[in-house]
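A.B. asks: Okay, these came from TrEMBL:
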REGION    89-108  region 'Disordered'
COMPBIAS  94-108  compositional bias 'Basic and acidic residues'
DOMAIN    132-191  domain 'LIM zinc-binding'
DOMAIN    192-249  domain 'LIM zinc-binding'
DOMAIN    250-309  domain 'LIM zinc-binding'
DOMAIN    310-367  domain 'LIM zinc-binding'
Amino acid sequence: VSTWISCNPPPFQVLAMLKGQLIMQTFSLPNLNLSFPHLSYAFLCLISQHSEVPEPRPVMVSPPPTPTTAARQLDEIMSQLLNFDPQVISSPKLPEKDSPKPSSQDEHSIQNMLENLESDLQKMGISTVPKGDCASCRKRIAGKMITAMGLTWHPEHFVCTHCGEEIGNTGFFERDNMAYCSKDYHNLFSPRCAYCSGPILDQILTALDKSWHPEHFFCAHCGEVFTEEGFMEKEGKAYCRQDFFNLFSPRCGGCNRPVLDNYLSAVNTVWHPECFVCGDCMTPFVNGCFFESEGRPFCDLHYHQRMGTLCHACQKPITGRCISAMGHRFHPEHFVCAFCLKQLNMGIFKEQNGKPYCHSCHQRIFI
């Protein structure tokens, strides 16, 4: 029985079962008229079920060509698939010399069968479009294929270089002409966050010569993410402006608050300008002149008061010669008799009730 079919450009698929393995071969063929005497009716039915070939149209019947080895192999495979005897519906056997039996190696080699079928099609004037060889196994690709990195692959052979998982349908990353899945690529090559040491997959922030997840770059003291004010660095750590000044800025000698802007340096410390005043009367210093005592600044009056160098008579500082008497200090011109007010130049006086008297006044008043 000869079956004459007419096919249009859409590809037809050959489905074969050999040793329990299902294999699909797709051929891209031009307009063709094929006569396969040894192609069983069941196989033709299987083709129609697995392809989008249009309704066959009757054409002129011509004498069938000599059956090919590949066609006979396909017929035998389909007979095993559908569990029927191919001799019932196949064409009469031709003499053995016209149709040599395939070798046992060909019967058990899908690759050889496909190559033979392709060769027979070419001999019949039917051109096929080769898909090339798989870059992994180096075998011819006869079905679905993947094109990546300028090469062609069997889908099951295009895998991640590191973990071996298929990446044809999930996307991949290329590095040094090798393909990696997203997870392995980032684990192997992405920059690491200086805080969590995890790979940075999306946005990256660079600061302090390190890389960070944006949400992991925050103040080392309070843990708040930095605002538009930015950050300040100390010993390789980042701090917000407020914490940096609270922790590391010098403190004012008057109010003990951080000095942020203008300051004065005096008495071995720094001061807010408004805090640099006399330690007793809190009066700002005129022309910046002050006296130091016990690490604090004082005005002229209160410094001499603390030092005991005020004249006991006029209560003004003594800056030159002085007279010490009755536990006090006096300007020489202010050490006088309490009654006659004569200057006690010679230092000879009589004390009565905490007051100095000259010898004559003391005798007249108290003797």
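Quick reminder: no glycine exception, Cβ is built from N, Cα and C everywhere.
All annotation found in TrEMBL is predicted automatically rather than curated by experts.
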A.B. asks: Taking every residue in the domain 'LIM zinc-binding' (310-367), what is their average pLDDT?
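C.D. replies: Looking only at the domain 'LIM zinc-binding' (310-367), pLDDT averages out to 84.
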A.B. asks: With DSSP as the reference, give the number of residues of the domain 'LIM zinc-binding' (310-367) in helix, strand and coil.
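C.D. replies: For that range the per-state counts are 11 helix, 16 strand, 31 coil.
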A.B. asks: In the domain 'LIM zinc-binding' (192-249), how many residues does DSSP assign to helix, to strand and to coil?
C.D. replies: 11 helix, 16 strand, 31 coil
